[in-house]
Amino acid sequence: MCKSSEQHAFLAALPKVEHHIHLEGALSPELLFKLAEKNQIPLPTDDPSFASIESLKLRYTRFTCLDDFLNYYYICMNALITEDDFEMLAWDYFTRAKSDGVHHVEAFFDPQAHLSRGVAYATIVDGLNAARSRAESELGITSLLTSCYLRHLPVHESVATFKSPEVQEHYKNGSVIGVGLCSSENNPPTLWSEIFQEASSIGLKLTAHAGEEGPAEYLANALDHLGVTRIDHGIRLGLDHDPDLMKRVVDNNILLTVCPVSNVVLRCVPHISHVPIRKFIDAGVKFSVNSDDPAYFGAYILDCFCAVQETFDLSRKEWETITTNSIEHSWCSADRKSDLLDALSVVMNTHGARDITLN
Ligand code: HPA
Ligand SMILES: [Zn+2]
């Protein structure tokens with residue numbers, strides 16, 4: 001919530017596009033316990049955090065770093081087994097997104113984390129697609145899927161997954177339209193260049209996590225070797241001093257999918273005021289504001305918008321620019337972008353387009 005109800009109403013009404021949401025990161029402790037019981041998946045007994053929904057939620061407020069979070073993230077997704085489970089997971093997210101004013105979603109999922117447990121690719125994608133179709137028809141939310149490759153595993157495992165016939169089939173039939181790179185930033189993006197080159201050659205969209213915990217140099221690396229048009233997180237660009245790289249990101253019209261609450265919860269920055277939002281605005285770096293793993297970080301997209309507003313006191317004009325950039329850098333059709341821009345105009349007209357701060 002924003003302190004001012006007028007500010008809150010404006011941010012709530014903005015037609016949001018979410019570019020950086022890991023659907024597995026929308027697995028709430030409530031759904032985890034339900035699925036673990038249904039599927040007879042035992043939760044760890046050597047970690048008292050798994051004793052109850054409440055103790056798990058408390059643990060989620062105490063992450064020490066990205067790897068500490070990822071440990072829970074990978075354990076919890078073991079409870080996802082059937083097509084219905086994946087549908088429930090995504091539907092949970094879409095219903096919440098609707099109440100936050102989300103109109104379009106470009107979501108990540110982690111195939112390798114499920115295939116390695118014996119869950120078939122079609123089970124994952126069919127479940128997610130069922131929720132996507134329902135979200136479009138019942139909630140008016142359009143969405144696209146990007147499969148993320150896992151950077152903490154040997155690159156040959158990513159290559160084998162990428163090349164497998166069922167994964168290729170879903171790229172070809174358009175169920176999955178993009179390729180991303182996530183997990184611990186312990187390997188440079190360069191190593192995944194073969195996948196990204198092949199993905200580019202078959203027309204897939206390209207993005208990669210870089211400069212979350214890792215150095216700004218990884219952004220340059222992702223641009224040089226992966227050919228991405230978006231960078232996920234990328235905050236080190238505004239924290240490490242590299243004016244040439246900053247200029248390159250601006251000149252190449254790269255969008256950063258920033259996740260300010262995630263950065264605080266995972267201690268990439270000591271406080272949200274250290275997320276370089278103002279620096280990016282002043283330098284002309286385009287970015288969207290996103291939740292990342294909302295069920296773990298206790299903040300869905302509107303919470304993230306409010307946290308940014310409370311800290312940086314942005315003007316309505318600045319929010320209009322952020323929303324416009326988010327829409328224009330989406331991977332949806334030109335017609336859908338035009339609908340989203342129209343929805344933004346309506347909100348700006350209703351709430352007044354005065355270039356003043358909101359308080
Ligand atoms: O914040 C993240 N960073 C890297 N990998 C991830 N996978 C899920 N969330 C994240
Ligand atoms: Zn992420």
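Even glycines carry a Cβ here, placed using N, Cα and C.
Per TrEMBL, these features apply:
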type	residues	note
DOMAIN	15-344	domain 'Adenosine deaminase'
BINDING	His20, His22, His209, Asp292	Zn(2+) binding site
ACT_SITE	Glu212	active site, proton donor
SITE	His233	site 'Important for catalytic activity'
BINDING	Asp293	substrate binding site
Least surrounded among the recorded positions, given as His20, His22, His209, His233, when other CB atoms within 10 Å are counted: His22
Site with most surrounding Cβ atoms, counting all protein chains shown within 10 Å, from the recorded positions Glu212, Asp292, Asp293: Asp292
Among Glu212, His233, Asp293, which are recorded as recorded positions, the nearest neighbour of His22 (Zn(2+) binding site) by Cα: Asp293
Other residues, Cβ within 8 Å of His20, His22, His209, Asp292 Cβ centroid (Zn(2+) site): Ile21, Gly25, Phe108, Cys182, Asp232, His233, Thr257, Cys259, Ser262, Asn290, Asp293
Recorded positions near ligand 2 among Glu212, Asp292, Asp293 (Cβ under 6 Å): Asp292
Cα distance (Å, whole number) from Asp292 (Zn(2+) binding site) to the residue listed as 'active site, proton donor': 12
In sequence order, those recorded positions of His20, His22, His233 whose CB lies under 6 Å from ligand 1: His22
In sequence order, the binding-site residues (His20, Asp292, Asp293) whose C-alpha falls within 10 A of His233 (site 'Important for catalytic activity'): His20, Asp292
